[in-house]
Amino acid sequence: MAARTARSSTTRILYSFCTTSSPQTALLTGNFHLRHFSAGSAAAARLREEKDGWWKESLQKLRNIGISAHIDSGKTTLTERVLYYTGRIHEIHEVRGKDGVGAKMDSMDLEREKGITIQSAATYCSWKDYQVNIIDTPGHVDFTIEVERALRVLDGAILVLCSVGGVQSQSITVDRQMRRYEVPRLAFINKLDRMGADPWKVLNQARTKLRHHSAAVQMPIGLEDDFKGLIDLVHMKAYYFHGSSGEKVVAEDIPSNLGAQAQEKRRELIEAVSEVDDKLAEAFLSDEPISASELEEAIRRATIARSFVPVFMGSAFKNKGIQPLLDGVLSYLPCPTEVSNSALDQTKNEEKVTLTGNPAGPFVALAFKLEEGRFGQLTYLRIYEGVVKKGDFIINVNTGKKVKVPRLVRMHSNEMEDIQQAHAGQIVAVFGVDCASGDTFTDGSVKYTMTSMSVPEPVMSLAITPVSKDSGGNFSKALNRFQREDPTFRVGLDTESGQTIISGMGELHLDIYVERMRREYKVDASVGKPRVNFRETITQRAEFDYLHKKQSGGQGQYGRVIGYIEPLPPGSATKFEFENNLVGQAIPSNFVPAIEKGFKEAANSGSLIGHPVENIRIVLTDGAAHNVDSSELAFKLASIYAFRQVYTAAKPVILEPVMMVELKFPTEFQGTVTGDINKRKGMIVGNDQEADDCVISAHVPLNNMFGYSTALRSMTQGKGEFTMEYLEHSQVSNDVQTQLVNAYNATKSTD
């Protein structure tokens, strides 16, 4: 207060001095003012720089990473160890929950029982003054959307590979997703303590199958039961892990019997990195000794540029190799400012805008996951730019709604910690914000949307009904919640039978939701036989000319539509097109939307087997209307009947979902398994040999894959395994089409 008074009195004195003195004095005083002002602005700029510097430093010490891999490669076990060593949890629990606790990240009872991860869990921890946000993702193909969502918002990832199983089918899928979202990654070869562990075989598989430009940054000291520790090929040190949970890392000299091999592997690493990094290549070609720091910087540059994948090794279950992997995350994976993220500016026709990641910029965040918690809907946000504080108003760009942030939390699996504000680069959760998965939020100063995530179409459906009549409210509440959480889970109503139909990515996916409904909502549901999501399409052009006329005393109905339907060219972006080629006013323009609506409605159910019709273009060329009797309803009905009349003339066919199936089983069963695939109308597209195992890739219709896991187990004495994912919808053979049509007609006649 005193300072403020002193300052104002100084101003008063200066002012009176200016008014009473000569012009020269006034000029001098003005110069003094200017000098004073410029000094002030320089100080402000310096202050701003310091403030920006603080943000930059804070962002440089932040990592957003995901851990993803094939099923049962040890992702959740690895995360459990990471949380233990970083001090987030104080004791280790195993995945299958034998001790009644289960892994921290598998927070659902169902996950602990089955020993698999169903939902992505988010947590954060700190390691050597760095803050690391981790998202542990499912490895099972039925939960692909969880992996997609996690990778969309991450800056880096750890791809876990099993040292025995190697690169498996889901590893390839996950790697493909990482490429799609341009995520820099490290590979971690896990389970070196298991019988048959061979990290060098896995490294070669990563190079051939995943086309990784990779090299090991570590090598193991012993394998299987003799696995004792690791050699760091960058710093040329041997690390051993002592203590009851491997928490004491002891660095020693490399054992003499492994010195030559370590030198050879280090040279391999330098060679691989210098192929993609010019700076290191210069030093390598001029035969200069390469220091650990030079090599580390080169690996970081190449990893962030996604031209190199460093390979780490260890055994999460035996608590070996986790701390060096954490060091690798800090050393080689990018911080939020080193990754370029772009948004689409809705005010400039979806022009691409690069987001700087600066907390001083406008607020932009993406809701990438929803969960129904004890306190209402929990929305996970990745903040790309700007700052959000508790109590702020933010705008959902997709809906235009303005919402308040009542509570801001940081997630640790299913526990939460309240925070007051969050800035760019962070992953946080907010309560009480109503939105859908994939919505973008801003502070209202810009109208950006983040690029949308690709959501695969569901491939399997089940009819589901609650057992007791009283549980109808909870039944619909559960279905609504699951739909909001998971875009691949769809709910529909069968208009003919009146049954509720749920659709998803596979048998396990739908089983899990039925089970969750029973546990979380206490709703017992009976489930019908799985149904395959067939589609229908047409193969040739056909003309229609239909008049709908009805007289019933008073105003009648009159509408005539003329035009043609034809198949869309292969690879079209849309599955249904309506073209209005009317000339003149044969049909008043206000009836055209009703005509389109009628055709759309008719295409929801083809006349062959009642499944939706895809890849069709409907062109309206002419028609007729009545001054009194024409109405929207009349034209809608005219177009529905016109579609049904012309449909058979357009030679319709049935399309069925075909799955990409990958099988792995001992070679001795090859004849039986391939014979069975042929019997199921499968087409074998790849056949590989891996040690004593045979690996077969095949395209098989989903309709022939029900109960396959049981069949494969019995054929291979329980030694075979398979994974499948949706490939495409393709035309069925004539005999199958006849069977399906007859079965459909039989059920219709009984109904």
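Placement of Cβ uses the backbone N, Cα and C atoms for every residue, glycine included.
Per TrEMBL, GTP binding site is recorded for 69-76, 136-140, 190-193. For 60-337, the entry in TrEMBL reads domain 'Tr-type G'.
Feature annotations (TrEMBL) mapped to structure.
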{"residue": "ALA69", "record": "GTP binding site", "Cβ neighbours (10 Å)": "28"}
{"residue": "LYS75", "record": "GTP binding site", "Cβ neighbours (10 Å)": "28"}
{"residue": "LEU192", "record": "GTP binding site", "Cβ neighbours (10 Å)": "25"}
